[in-house]
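Chemist: Okay, handing you the structure first.
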Amino acid sequence: MGLPWYRVHTVVLNDPGRLLSVHIMHTALVAGWAGSMALYELAVFDPSDPVLDPMWRQGMFVIPFMTRLGITNSWGGWGIAGGTVTNPGLWSYEGVAGAHIAFSGLCFLAAIWHWVYWDLEVFYDERTGKPSLDLPKIFGIHLFLSGVACFGFGAFHVTGLYGPGIWVSDPYGLTGKVQPLKPAWGAEGFDPFVPGGIASHHIAAGTLGILAGLFHLSVRPPQRLYKGLRMGNIETVLSSSIAAVFFAAFVVAGTMWYGSATTPIELFGPTRYQWDQGYFQQEIYRRVSAGLAENQSLSETWSKIPEKLAFYDYIGNNPAKGGLFRAGSMDNGDGIAVGWLGHPIFRDKEGRELFVRRMPTFFETFPVLLVDGDGIVRADVPFRRAESKYSVEQVGVTVAFYGGELNDVSYSDPATVKKYARRAQLGEIFELDRATLKSDGVFRSSPRGWFTFGHASFALLFFFGHIWHGARTLFRDVFAGIDPDLDAQVEFGAFQKLGDPTTRRQAV
């Protein structure tokens, strides 16, 4: 046929059997990729430290999505929360991966069957004897079935009526686990961070889909609407399908990047805005202040801060710190976190507590500034010693650690103080193992960043695809040159104003 590569899909334009075949093959490829990727990730995933080396630090992409839907155990005998599991059951990580691969194989065989047996009676219009599809009816069927699936997920899986529930956690990502949810039917259900909204919205959207599907199955579109929207053209289906996909891709890119109940930080890592707003730092200080108010010592209060919470408050876990084209997991960047050294508190020789100004997200280097409680700069690490007024040596800065591995250890040596001041720019200080993975020390993004970038990019691409195919189907007759009014519109002298049919010249 000699088609260029970008026009090869024309071969299924008027061939419903093979159109179905290529879609089944596409499903086979998607399911096969998902299952294979899951097995690869399970082969390289280390579940030994869910606090300091969670799945998102290791660059896992499909494991978080399985976990979000209620899969937490492996046939390897481990669970996502740590410890050993004796009876993981059929629906383990490996079980889900295997089911996807088996489904992929069945779809592969079905695609071959439909490619070979393309000339089925069901695809022919009995009145004309030509191949045709009742597209409005097919739309109704798909809408009804997707509504049933949507309703079933919300009413059974998420609520635990028949299923495990989904991953639910507290606002600081500390106590997450899979649990059933009650639907949130009030205004709170519209809060993107309220998990109950997932159940209620799926139930509501599923109900709407079922009703809309039944409507489209029982009511035929008016003739003018059918012709106006080109409902008989398969490219109309392509255009509107692309619209649905790009809209969904934009939505999930937003919920992933900005955070929501559907993208828990325990599974996908923190968002960049939690670093920008000092979200975890504020919670840590709130807990410390509460402990000090109960007459606990600094050492006692900081020792009670969960290592998991401290780890979130580290810039290396900010998905916006890794460049989009730096391949590899976060562990391949700054290394595998081994332990929290503790919280450093800096003081000058007058006993004032000093706070290190934290590095903003989009800086690679940042001056080391130590400010007091009023925000006044009291010390720094100068670029030029000759002009320094606030150097660590001149101000007499010391550092003491509370909590973590260096609990109650203090340093007054200027070189050591400056080392920890530089590291405090990056949030809480952790010991990082760079040797095991030969980590290069350059920050990487988390799966949250990769997912967002991929979906936003493809959404933009698909947006243009929607415009392209929508224009092709709406103006098909014009592009093909078969519009009955086309000749008259461009004929010189036919209209007083070129192309305006209201100004047609009258024959004398």
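Using the three backbone atoms N, Cα and C, a Cβ is placed for every residue, glycine included.
What Swiss-Prot records for 21-36, 101-115, 140-156, 203-218, 237-252, 457-472 is transmembrane segment.
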Chemist: Quick check: do the transmembrane segment (140-156) and the transmembrane segment (101-115) share at least 3 Cβ pairs under 8 Å, counting only pairs 6+ apart in sequence?
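Modeler: No, the transmembrane segment (140-156) and the transmembrane segment (101-115) are not in contact.
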Chemist: Same chain, outside the transmembrane segment (237-252) by at least 6, Cβ under 8 Å from its Cβ: which residues?
Modeler: 135, 139, 451, 455-456, 458-460, 462-463, 465-466, 469-470, 472-473
Chemist: Using a Cβ cut-off of under 8 Å, list the residues of the same chain at least 6 residues beyond the transmembrane segment (457-472) that approach it.
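Modeler: For the transmembrane segment (457-472), the sequence-distant neighbours (Cβ-Cβ under 8 Å, at least 6 residues beyond its ends) are 235, 238-240, 242-243, 245-247, 249-250, 253, 479.
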